[in-house]
Structure formats: structure tokens, C-alpha cells
Amino acid sequence: MKAMERAIFIVLVSLLGASIAFGADSPNEYYGTGLCGKSGFECIKVQRGQSWQNLFPDENQRDLVQRLNRTDTYLYPGKTLAVPKDLKDATIYSISPFPLRIKKLGEKLIMVNQDQLAWGAYDPEGQLIKWGPISSGKNYCRDVNRSCETITGIFYVFHKKGPGCKSNVFPVETSGGAVMPYCMFFFKGYALHGSNEVTGYRDSHGCVRLFKRDAKWLNENFVNVATKDGHLGTKVVVEKLTMENSGR
């Protein structure tokens, strides 16, 4: 069984990898400031007093720019943002880091690509339905004195909770209490969940942080959990890191 899952994992990664070529000398060139100077994009520097809301009053355009930069956190003066030159006509699909279609799998799938700092949701026909930014586990966590990298492989969601979900472990000093809205557990304590700290780099204790609105959508509209009669939950494939500087 393990050999079969490894084979499936390789096939899934190859299907997606064929459409995403990573630049060795510029690892972040597919999102954020890595797009500065590339055709079809312009970069702006945030000035004092500017915010997401006054820079991008249109909610849909603001959402796209946040996805492209892999963050929706507070904007500080001097921060650089990549913006599509055709922002008025851009869509979530035109700036997707994932292929819009993969081979039909016959089941729903969530891909987590840590190099691209992104997740993608595919329907059973292999059509990309939605994607968004992530912040996965960082290289080292001082509070636990070990690596916090997110586990990789093929998993299935076995449990989920709503907006009130909280950690039983972090913060360490309080033995839990960190908010994890719309958590979706796929292996032991590892979960996809909403967060106000999707920072544009890997910065979690191992969970996969998502925009809160994305976690809510996945939790309520896409993810199924395992059932007592043997049905597996929604498949989650977490790809291995191949780049050094997509995190800390």
C-alpha cells in the first residue's frame, strides 16, 4: 500500500511540476517581489498611510493582489507589492501557480506546494476550482528547539472544526490556545487552517496556514472528512520543499 501511495504521489507531483518550472537562481520568481521587472507585472512601494483598502478599493482586485503576493497582513511603509498590469481583467485563474487542469483523478484533491507557497483545490474531473496562499512550517522553532517543517506526502482529512478551533499545543507557554479557525486535520496534529499570519514565507509550527476566507471556503464547501463506514476524507498532497529560501 505504501509503495502504491508513493507512486501516486510521484505521478501527482509530475502532473503539476510539468506546468511549473522553478528558477534555480531566483526561487521566488513566481510570486511577490520575484515578479518585479517581469512582463505583465509592475511593482509598487507602499507609502506611509497606505493600506490594502485604500490602495485597492475594489475587493476582488485587492484579493488578487494579496494572492499574488502570498499575504494579506498589515502593510508597512516601504513594502513592495507586485501588481498585474491588467489588474482590471485579471482573474484568480490567470495568475494561478497551478495548472488549470490535471489528469482526471476521480476524487477531490488539495495540493500544497511549499515552494510556491500555495494550495490548489481540484475537483474529481481534474479542474482547478480555487487556489490561495499558504504559510507552512518553518525550518526551526526556538520555543520547541527543533525543526517545524510541515510533513509531506499523501494524506486524507479525518477531522475538521469551525471558526472556534484552537490548538492544544501552541503557544507552548500556555499549553495551547492559539486560534486555528476552520481547521482541517490531515495527519495527527497537522492541519490546514485559517490565520491572520499568512506572511509570504514559511512561518508556522508545522500546520498549513491559509487566508481565513480560504479556510472557511474549503471547510464549508470542499473538504469532506473520513466516515465510520470506511470512506476516506478529502485527499491532501503536501509536496516536498525543493527551494531553500521560501521560509526561515
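Cβ atoms here come from the backbone N, Cα and C positions, even for glycine.
TrEMBL annotations:
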ACT_SITE  HIS193  active site, proton donor/acceptor
ACT_SITE  CYS207  active site, nucleophile
DOMAIN    108-239  domain 'L,D-TPase catalytic'
SIGNAL    1-23  signal peptide
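The number of other CB atoms found within 10 A of the CB of HIS193 (active site, proton donor/acceptor), across every protein chain shown, is 27. DSSP assignment over the domain 'L,D-TPase catalytic' (108-239) gives 13 helix, 51 strand, 68 coil. With a cut-off of 8 Å between CB atoms and residues at least 6 apart in sequence, the same chain places SER136, GLY137, THR150, MET180, CYS183, GLY189, TYR190, ALA191, LEU192, HIS193 near CYS207 (active site, nucleophile), listed in sequence order.
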